[in-house]
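Asks: Let me give you the structure first, and then I'll get to my questions.
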Amino acid sequence: MSKRAKESAPQINRLVVIGLGLIGSSLAIAARQRGLAKHVVGISRRTSTLELALEAGIIDEARESLDEVAAELGPSDVVVIGVPTLTVPAVLKDCRRLLADDVTVTDVASVKGSVCRAAHDIYGELPRQFIPGHPIAGSEKSGVTAANRNLFENHRVILTPNSSTGSEHLSLVEGLWTDVGAVVSKMSTEEHDGILAATSHLPHFLAYSLVDTLAGMGDNREIFRYAAGGFRDFTRIAASDPVMWRDIALANREAILTILDQVMGNFQTLRKAIDGGDQQYLMDVFTQARDARNHFSKLLEDKSLQGSMKDKRINYHIVPGGKAQGTVRVPGDKSMSHRSIMLGSLAEGMTEVTGFLEGEDSLATLQAFRDMGVLIEGPEQGRLVIHGVGLHGLKSPEKPLYMGNSGTSIRLLSGLLAGQSFDTELTGDTSLSGRPMGRVADPLVSMGAVIDTAKGGTPPLKIKGGQQLKAIDYVMPMASAQVKSCVLLAGLYAKGETSVTEPAPTRDHTERMLRGFGYPVSVSDSAARLSGGGRLEAARIDVPADISSAAFFMVAASITPGSDITLHHVGVNPTRIGVINILRQMGAQISLTNEIEIGGEPVADIRVQYAKLEGIEIPESQVPLAIDEFPSIFIAAACAQGETILTGAKELRVKESDRIQSMADGLNTLGINAVATDDGIRIVGGTIGSGRVLSHHDHRIAMAFAIAGLRAQGEIIVEDCNNVATSFPDFINCAATVGLVINVETVND
Ligand code: S3P
């Protein structure tokens, strides 16, 4: 991954590295070769180490002790203490004795509590010039000969400053680590030591202990001869530097003992389960561990391969022109994916789901149910097995349930959680934290639920458990499937028959899927009804491709001369096909083939060919049926002849962004006449120019402007596209298969 090149003069004058082990020498060479300091000095007591360091170009100058350089050091000099953890206090004493108080001092020890306590004892306080640090990088190799200028690329460095830390010192150290390619995080020393005890220290001790146990066994040569890949993988870190790990064991004693006790307790239980042939326990533990491992491997891959994308913004650069040709299967339906987890978890028995959307939104729902004790295998290529716990089998989660960007997760879950025996708290990201939740809290409160929202009716939601809910007849003030589903899910736990009447038809996946799980739901006169106290039986769910994701390609083909694409196995539930109806009314050529019904949901292949589009007045009756597709429909309108007018769509203002304003602003930037109105928009078709538009962190705005590139005169840059991963993680590759070229720029803030 390419990094910011250092174009300006180095911020650091002298970088003095005390201790030329793996970390110290790697930092020295990384800084020296990137020109981050005018002069790099290495200090070691061993002449041979200093000679090697000079020879390998790791340092500019070699010294045997700090005394020899201390007097020359001042404000823009940085001293890095790179010695083993237990030796840090001795070096800190030298620093106190020799250095002026404007010299920045930092360390790289793996334990921060003991280092900070030592600094406190030596200086009488944590000195403002001292920045405790820990690069989470390393290898089982040690010493100056293992120096690696890229060791810190895309690795985390944790700094543990406190309130007395000097900001000028902090920014020098932070800048140094960032410039050698690391990702800097800050936290308290206690938090650091607890996390590292579990994720780094414990695995090393397990590896040392296993190898030592085997080495002590009778014919250990025979044993090691047959040890295969698993043993090698697991014990690689037992080749690490013993001095370093002895120091860590002693320095982080408390935190390590806590986690060690926990693991030893689990070992005892595992032993009992093996002894007693407890298959269920073994399956549960191994499956949960495998899934947790897969989940975190993905996170790790993101960190190391994509340069910690999550923490960085990505912009799309859309190469203008192209033609949409071919066949695409877009990812699984988001609404159905959420519901499959919820109902599968509450059912009795094992539910198998295929076609599950592995996007961040539905994964947030999945994680929430894992946090409430549901065993869920997968996802593996869209396949999940959910071990349902029944309507009353959820367990109290240990921490707030994090819903990320997902409105569907938080709103549907609030209904379901209002009927549980335990308290819960639901939180989300910045966008979700600004979205209205009164629309679900109000009906739930009238059912007897106890819910607190933040000021202004937004998340976090605090839901008090143990309430007996009562059925209500709810007439929704807005057409919202999320509100309808929330009330129906609460209705599962309520006494009596709950009904929800909607002002216009909205997606009915909850009603259909409940029936698929054997739960009676009746629908008549725009009202859905169910009675509490029933049970759900495990089912098989095949999630079709999401029409909301397919919509981008339907518009892509419709606006680009010569295009012809087929979207495979798309859900075409009548409450979702507003986009087809609207585009057809504009003149689009869309045909459905292979129409079948799977698990109570209609599915079809959708073929779309280029056609000249005309502006229309969009019928208000279509608004709820196309509610998520308007960003792409607006792009179709921008390419149509004449004016397109949308009214009755105020709901668009409270989606992941204000989609009316976000789209109007972006279209104007691209030279299209678009005027936002209170409840809709007027768009006059024209020529799409080029420019830089904002996605407002909204996945669908980002993808809509990407599609616009097909008809643009020049490059369109869409800012902040990370959230595309919430609903369409593979968008760029999918788009490439039909001829749309999107380059990704990673932005270092
Ligand atoms: C959804 C319902 C819609 C939609 C959202 C998913 C659902 O929201 O915009 O993306 O799965 O129930 P509203 O019901 O608030 O319109």
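Glycine is treated like the rest: Cβ placed from N, Cα and C.
No curator has checked TrEMBL annotations; they are predicted automatically.
These came from TrEMBL, pasted as-is:
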- Asp628: active site, proton acceptor (ACT_SITE)
- Lys334, Gly407, Arg435, Gln482, Arg659, Arg700: phosphoenolpyruvate binding site (BINDING)
- Lys334, Ser335, Arg339, Ser480, Gln482, Asp628, Lys655: 3-phosphoshikimate binding site (BINDING)
- 13-304: domain 'Prephenate/arogenate dehydrogenase' (DOMAIN)
Asks: Count the Cβ atoms, other than its own, that fall within 10 Å of the Cβ of Asp628 (active site, proton acceptor), considering every protein chain shown.
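Replies: Taking all protein chains shown, Asp628 (active site, proton acceptor) has 24 Cβ neighbours within 10 Å.
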Asks: Near ligand 1, which of the recorded positions Ser480, Gln482, Asp628, Arg659, Arg700 have CB less than 6 Å from any of its atoms?
Replies: Ser480, Gln482, Asp628
Asks: What recorded positions in the list Lys334, Gly407, Arg435, Gln482, Asp628 lie within 10 angstroms of Lys655 (3-phosphoshikimate binding site), counting C-alpha atoms?
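Replies: Cα within 10 Å of Lys655 (3-phosphoshikimate binding site): Gly407, Arg435, Asp628.
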Asks: Where does Ser480 (3-phosphoshikimate binding site) sit by DSSP, helix, strand or coil?
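Replies: For Ser480 (3-phosphoshikimate binding site) - judged by DSSP and reduced to three states - the answer is coil.
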Asks: So how many other Cβ atoms are close to Lys655 (3-phosphoshikimate binding site), meaning within 10 Å of its Cβ?
Replies: 20
Asks: Would you report the average pLDDT that the model assigns to the domain 'Prephenate/arogenate dehydrogenase' (13-304)?
Replies: 91
Asks: Among the recorded positions listed here (Arg435, Gln482, Asp628, Arg659, Arg700), which has the Cα closest to the Cα of Arg339 (3-phosphoshikimate binding site)?
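Replies: Result: the closest of the recorded positions to Arg339 (3-phosphoshikimate binding site) is Gln482.
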Asks: Relative to the Cβ of Gly407 (phosphoenolpyruvate binding site), which residues of the same chain, six or more apart in sequence, are found under 8 Å away?
Replies: Leu432, Arg435, Gln482, Lys655, Glu656
Asks: For the binding-site residues Ser335, Ser480, Gln482, which Cβ has the most other Cβ atoms within 10 Å, all shown protein chains included?
Replies: Ser335
Asks: Could you work out which of the binding-site residues (Lys334, Arg659) has its C-beta surrounded by the smallest number of other C-beta atoms within 10 A?
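Replies: Each of the binding-site residues Lys334, Arg659 was scored; lowest Cβ tally within 10 Å is Lys334.
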Asks: How many other Cβ atoms are found within 10 Å of the Cβ atom of Arg339 (3-phosphoshikimate binding site), counting all protein chains shown?
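Replies: So the number of other Cβ atoms within 10 Å of Arg339 (3-phosphoshikimate binding site) is 26.
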Asks: Which state, by DSSP, holds Arg659 (phosphoenolpyruvate binding site): helix, strand or coil?
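Replies: In three-state terms, Arg659 (phosphoenolpyruvate binding site) counts as helix.
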Asks: For Ser335 (3-phosphoshikimate binding site), which of the three DSSP-derived states applies: helix, strand, or coil?
Replies: helix
Asks: Ranking the binding-site residues Arg435, Arg700 by other Cβ atoms within 10 Å, which is at the bottom?
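Replies: Each of the binding-site residues Arg435, Arg700 was scored by Cβ atoms within 10 Å; lowest is Arg435.
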